[in-house]
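Below: the structure, in structure tokens.
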Amino acid sequence: MSLKNNLHKLKEKYKGKKMAPAFNALHTFLYSPNETTHSGSHIRAVDDLKRTMNTVIMALVPVLFFGIFNAGYQHYAAVDAANGVIREASLFGNFITWENFIMGAWTVLPLVIISYGVGLAVEFIFAVIKGHEVEEGYLVTGMLVPLIVPIDTPLWMLAVAVVFGVVIGKEVFGGTGMNILNPALTIRAFLFFAYPTWMSGDKVWVHQAVERAGGPDAISGETVLGFLAQGKGAEISYSVSDMFFGFIPGSVGETSTLLILLGGLFLIFSKIASWRIMVSAVAGSLIMGIMFNATVAAGWITETSSFYGLMSFEYWKHLIVGGLAFGIVYMATDPVTGSQTNRGKWIYGFFIGFISVLIRVFNPAYPEGVFLAILLMNVFAPTIDHYVVKGNINRRLKRAKNATVLPTDSEGKAKELKAETI
Amino acid sequence: MSKDIRIKKGLNIKLIGEAEKTTSKAALSNVYAINLQDFHGITPKMLVKPGAEVKAGEPLFYNKNMEDMLFVSPVSGELIEVVRGARRKILSLKILADKSQESIEHPVISLGNASAEEIKTLLLKSGCWPFVKQRPYDVIANPQQTPKAIFISAYVTSPLSADLNYSLRGKDKEIQAALTALSKLTPGKVHVSIAKSGESFFSGMDGIEKHSVSGPHPAGLVGTQINKIDPINKGEVVWTLAPHDLVIIGELLLTGKFNAERVIALVGSSVKAPKYYTTKIGAEVATFLYASGVNSENFRVINGDVLTGVKTKPEGHLGYYNNTVTAIPEGDDYELFGWNKPVFDKISSTRSLTFSWLQPQKKYDLNTNTNGEHRNFVLTGFYEEVFPMDIYPLQLLKACMIKDIDEMEQLGLYEVAPEDFSLTEFICVSKQPHQQIIREGLDLLYKEIG
């Protein structure tokens, strides 16, 4: 008897029982279901939510692999730097090496395992308790979470945050498709506010920097934004190409702008993520950056100001450091928590870019703003949509008022249109 | 004067099983059936009892809420069964056909002099009125209202549908008569949409406003055309008719007889030799299905096209409004890793390891598998790509789901019928039943505001 038949028999056996959702989830992971249409369209397109989520995960895999190598590379580079040896990054020279991979995998994979393990466990428990199918939303969230946290985030902390994020960020609203805030960012925000020392500063971005702090073999792990926020822009040793290719410290997945760009293009090409949000968010960040650059150029801010470092940072460079690019491509485009109308997406994306750079500059204690900007705009997305849809409603109302042929009653007399009642 | 309507948004679904342009006469059906589900929102009151002999065109029942609205028998014979469901609801009526057919005859009216009232009365009395549908609500038209315009779509874009230029051949006189009569029922125009490219059967017709339409499906749906030509505002009513129903109306006007004969297209990949058949409303599907042969045992027969039709069986009967019968394979099987492997043999609106975008002209053999499970709405901006109306489809669907009548009105529910959401339903990643949601929304609005 084939696996397919065995699974089918089990599915029938557990139908209507408490454990059915958990069992169905495993079954539909292996086999797409045998469900057929009943009414309406008798045929359906091939895409389902699993395929959609799978496409986003595929767009994230290169970033994950780069993050693994970079974790190893940054560690060894920092150790070298502590010993007075300054490395120059070279992709096939000292970056893609077994040494870096093993070190990176040893630190990154536990984050992935905890993220998926804990998150999916919570999803399964909720599905069984509430009697609905296990939904696919966490497939992407589970991948995003390890990519947006510092490399040495304690695993227990991550587990607690994942439970919080899935329960409070999603399940209490009714699960995938019903949540207001991006679940991955809710997890990130929880970590940020609950354990701030592990989420910011100059010791969390490179593996073992915290452990070795204060010791004779202490290593440093300051990010580009960290340098700028502290007014130590002159000490940045990374070139523009380092920043673009990603040979810099930062959260696991955020450093390689190149791969994020390619991931974004893949998502746009596959039509899974909104290009409108991405384009307008880039435009928003550039405009805010230009405004800050102009402020410095006009002489309104002097070098003594604590904002000078980030304000004078060239506007386009904001896109290649920190998590801005990652946030724009993978987080802002979340269709559930973002704006749902096409016109709304332009506005929503623009403000994400705009506010991200704004927060970066004015929040020197934690020079990263994209996740706060996205969460803020998540809250405003329904309002944006409301006004966009209102425009359509008003258009319909106006059309009704201007209607030339009026409906008639049974005697053939034209009736007054009660347009104001619409 | 011809006006151009160009639709950009949409999706042409090309399927295997198009009907070859040859017509056969279908075998005579022993039993003809009227399926009451075809007449949405009608409460039937029977006029004849089982065992009674009826002639073709003789009333079988009327609409309880509008007693003038009669529904007639397509053939002469004996009413052998009134099939009832839960709470004695009438599901269908079965008539055992006589060998020799007799019809009721109505006096022929002079179309040139006939008033709107006369025409209306004749259509109601003869059983042709149910062919006239109305929007809002997508139900049989209320004869007491006057529509601001009448719309007929002669541009067919739905997958595998009958080619009107072929199936209506030789029916010019009947159709012209029907159009002339209909033009008297509205102070507005009778809008007929024809394909921009190629010859149309309706090109030479008089007394109508012609519109040349181009673009992918749903450009051929009458709802799309109404939205582009003269959208419905609150308080307004328009009527719609299908071109093939004009033939029956026209024949009634010219001869005084209700002739339920119709040329239908038998299509779909499960049919060995898809082609056209001449048959009658209510005929058994088996009388023409097996004449063309079927490819396997496991298939689904659909009264209508694959996007909007109604599921039936080989022993089922041709629907009241259908000129297409489709047979496609059932997809009740599992597929290993069907959700993540590259797909070449199914249609997709995305490019997520799916490759139908590479071959837009390729014809596909789609089955009835949903290709996924029902989920909450997740993706946004998708429906808008195939929904050409100035309406927010996702927001309207959500308003219907939460039964927010104000929102439903404001977002344009008056303008749509379930069929307008067939394409959004087809591409829906969350596998939501869009047409059912819209139908329930329309029913609620009809009940509350009517």
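In case you wondered, yes, glycine gets a Cβ from its N, Cα and C as well.
Cross-referencing A:178-200, A:247-269 with TrEMBL places the feature transmembrane segment at A:247-269. Take the transmembrane segment (A:101-126) and the stretches A:53-73, A:281-303, A:345-363, A:369-389: counting Cβ pairs under 8 Å, A:53-73 has the most.
Sequence-distant contacts of the transmembrane segment (A:281-303) (same chain, at least 6 residues past either end, Cβ-Cβ under 8 Å): 310-316, 318-319, 324, 328, 332, 349-358, 361.
Within the same chain, residues 50, 53-54, 56-57, 60, 63-64, 67, 71, 74, 107-108, 110-112, 114-116, 118-120, 122-123, 126, 176, 183-188, 190-191, 194-195, 198-199, 204-211, 251-254, 323, 326, 330-331, 371 sit at least 6 positions outside the transmembrane segment (A:138-168) and bring their C-beta atoms closer than 8 Å to a C-beta of that stretch. Using a cut-off of 8 Å between Cβ atoms, the transmembrane segment (A:369-389) and the transmembrane segment (A:315-333) share at least three residue pairs, counting only pairs 6 or more apart in sequence. Listed as Cβ neighbours of the transmembrane segment (A:247-269) (distance under 8 Å, sequence separation of 6 or more from its ends, same chain) are residues 55-56, 58-60, 62-64, 66-68, 70-71, 73-74, 78, 89, 95, 108, 111, 144, 146-151, 205-206, 221-224, 238, 275, 278, 319-323, 325-326, 328-330, 333. With a 10 A radius on its CB, A:Thr223 (FMN phosphoryl threonine) counts 28 other CB atoms from all the protein chains. DSSP classifies A:Thr223 (FMN phosphoryl threonine) as coil under the three-state reduction.
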